Structure formats: C-alpha cells, structure tokens
Ligand code: NAD
C-alpha cells in the first residue's frame, strides 16, 4: 500500500554543518526525505560552523555530499536551494543574533509556522553551550511552533557527566523536546523487534523465563579503530557500544508490552525494564564481564600499534557480559552481550535460545537419534535483514531421527537497499515529533549506572592485553563466560 507522504514544515538549524557527519549522513538523509515529499516546499536549513563561506559555497558542499544518491540534477539543485549558511562560533554569544534574524527571515519566506529543529552535530562538549545560548539568545520560537533539540552521541562518559549535561540541556529544553540520537534505533530490524514480539502470539506467549533459556546480542565489527583512535582510546567498547546501542537493544527485548505503540508508552516500559537490571557489585562485575584488546597478525596491526593509540593503552576493543534482570519475566534467564572490533565479520544479530523440551521421547538408548536441539529465533539486524527459527523435525530417512531445520526469512537485497537508512528515519521522526526511537534521559541514566560499575572494576584491575587475534570472535574468556553456565554462543566460528 502506498501512503502519500505528509509534508513536514520546519526550519532545521544545523550546528557543525561542514563536519563529517553532516556531509556523509545528514544531507543524504535529508535528500531522501525531499525526494519522497516528507520535506518539500516548506523547509529550510541554516547550516552553521566557523567556516567563512557563503550560501553558494555551502550549497555546493550539500550538492556534492548527495551527488551519489541520485542522477536527478534538477532535484538536487532545488533541494540545495533551501540551504543557507551563517558563519557562527557557538561559543560566541554575540553570534546568535545573526542566526536569530536569519531564522525569522526564513520562517516567513518558507511559511514554516515557527517550527524549529536545532541539530547539534558537533563534539559533545558543545551540546550544553549551544542549548543554553539558544535559550538565552531567544532563538527558540515563541509563536506556537515547536522547538526540538537533536544531539549526537556520546551522551556523557559516565553517569555524573551525563547528568551534568542533561541538567544543562533541561535548563533550556523540556525532556519531550530533546531527541538523543542512537542511530541503532533507526535500523529497520531493531524497530522490527517490537513487531516480532508483540505481533506474534507464538513468540510473545513464550517470551519469558519459563520458555527462554537465554538471549544473546552480538554487535561485531571487522574493522579496527581506523581514523577514530583519538576518540576511541578515550572511550573503549563499553562506553562506545554497550552503554548506548546494546542497552537499547536489550531493553527492547526485555520490556513488557507497552499500553499503546507510541513513544511515551514504549519509553515507560524500556525504563521499567532497565530499572530491574541488576547493577553489579565488584565481585559480580569481575565475574560477569570480560574485556579484550586485539593483537596483530600478518599485516593487521595490533591495537597498541595503531596511529594515535598509546603503546601501553588498556582500552578495551571487545566486551562480553552477562546481564540479569530481577523481575518476574526474566529472573533466571541471562542476556549475554558481546561487541568488538577486528572480529570475524561485520554483523549485528540477536539469538533467542528457547529451553529444550522437558522430555525428549525420541532419543533413548539404541534409538540412534541425537538429543533434541533448543529452538533458536535469530533476528538478523545487519547486514542481512530478517529472521530465522530453528525447529526440530524428523528427517526423511528410513527410521526415526530428528534433525534441526531452519525456517528463514531474509529481506531480498533490493528491498534491503531501499530500506530507509537510520538517519532518514530519525530525522523524519524528529520532524514528526515521535521520540520512540530516541533514548530518553531515564534510559540513559540507568544504562550509565550499570556500565559505571563495570568500568570502576576495570579501572583498578590490570588487563592482560592483547588477548585476541583479528578475525576471531574475541578472547577465550568470552566463550568461558557462557561455558561456565553450560551454554555457548549460537554464532561461533568453524561450526
Ligand atoms: P566533525 O569534527 O567532522 O565536525 C564538527 C563540526 O563542528 C565542523 O563543522 C566544525 O567546523 C564545527 N565546529 C567546531 N567548533 C566549532 C565552534 N566553536 N563553533 C561552530 N562550529 C564549530 O565532527 P563529526 O564527525 O561530524 O561529529 C559530529 C557529532 O556527531 C559528534 O558528536 C560525534 O560524536 C557524532 N557522531 C559522528 C559520527 C560520524 O560518523 N562522523 C557518527 C556518530 C556520531
């Protein structure tokens, strides 16, 4: 069914308009929205940075950054004609007057109804400053339009810094006006977790500790730190991947059914789930989390030899852990998570491992049958999109032997290519005012409180790094973490 797009009216003030994220992701995403008619006549973008460029030069930058998206030159130039540039240092209060005048001018010119999105695509140390100056310098629209603030990651580096940042933002914007980007939440199959769970009796009826043995979440990357060494070495996999993306995925898997499929109800359930996540003490954190750092092999440099990484760095490039929820639904069913760089492949998947049948009537002595396998629901998030369900069935040979059979649905590559990219979805959600796929402050706060405990323990213990080879699935300790519980990772190498 084709649904006609609703045109969203808004001014987008983009801070960091000449940066990497804006040119690589944001302009192409906006072009897609323009192409589909989600933004068309009534939108304008004011790009800002300290660069001294005019509108014409800025439009060239925008056109260049979207060139590979389409061959329709006329559409690209029409699109780019909505972009304006204001040279602006966000730390200089006097510079906001220009921005205010330009906003008022474009609001009138494009009949934007006073709707404003402020998108801060800059280093996080500027988030608070910009939010404060927007408020004190009267950039927020006061004539009935909306004001929304979009901020990039990372949101703090621990609970304390995140809280301080949140206090700064809250002084200028209400929680429902703040959209904290976690681009994983814009991915098709992450959003599909809710459809699979709450749209299917066969799954939701079994979605609890009576029928599920454990859930595994893997976010694997095959590249190393590349050009991000400076940032990454200060952060590490726990802060860079676990606190945000993994905790968000886990909360979608663990939450109760929301009253309705809308942002406030979904957030409420995610927060409730995260609040029942057990925050570990020192002993529990040491036992339930393991870390790794990649070594070198052949031409592949070890992490400590990468440009920009200190030779004695103890930053983890791999994390695996066991999460426990102390609530009625999940008590006794662990969630295992892992993420790392320079692993065997690049993919994200969730494996839901069901309990084996309590009685296996097929495998008795002399039956020749192998014991029944656990049913496994795998949700493929990327690069493939789809899911599979492993069930036991009789094989077609003489006699009676069961074997695992895989029921699989994978989106074809054409559909996968056409699927909106995360930034397209997320910018559209901001324009609609839908906060479903953004992290709320209570979620961020709970995630930091959990992660801080692990970090505290790791900061006082000396790791034995490097401890895994590129192309593997991480250190041996990640396998031992599950082996201790008499389990194993569903996805493993050389099966
Ligand atoms: P970047 O360094 O490429 O761009 C920063 C922009 O800010 C530039 O346009 C620069 O001119 C501008 N700027 C710097 N100081 C300024 C000042 N005082 N006043 C006005 N403008 C100033 O950074 P980026 O890679 O585009 O990242 C932006 C944000 O997005 C960061 O929070 C980052 O963590 C996040 N992010 C980036 C990526 C990515 O792929 N680049 C991915 C995820 C998240």
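Cβ from N, Cα, C; glycine included.
Per TrEMBL, the candidate among 167, 240, 326 that belongs to the substrate site alongside 183, 187, 221, 341, 346 is 240.
Of the residues 40, 50, 197, TrEMBL places 50 in the same NADP(+) site as 89, 90, 153.
Residue 50 (NADP(+) binding site) sits 31 Å from residue 245 (active site, proton acceptor), taking the CA atoms of both as reference points. Here residue 90 (NADP(+) binding site) is positioned 29 angstrom away from residue 245 (active site, proton acceptor), judged by their C-alpha atoms. Long-range Cβ neighbours of residue 153 (NADP(+) binding site) (same chain, at least 6 residues apart, Cβ-Cβ under 8 Å): 124, 180, 181, 182, 244.
Maximum intra-site Cα distance, NADP(+) binding residues 50, 89, 90, 153: 21 Å.
According to DSSP, residue 245 (active site, proton acceptor) sits within a helical segment.
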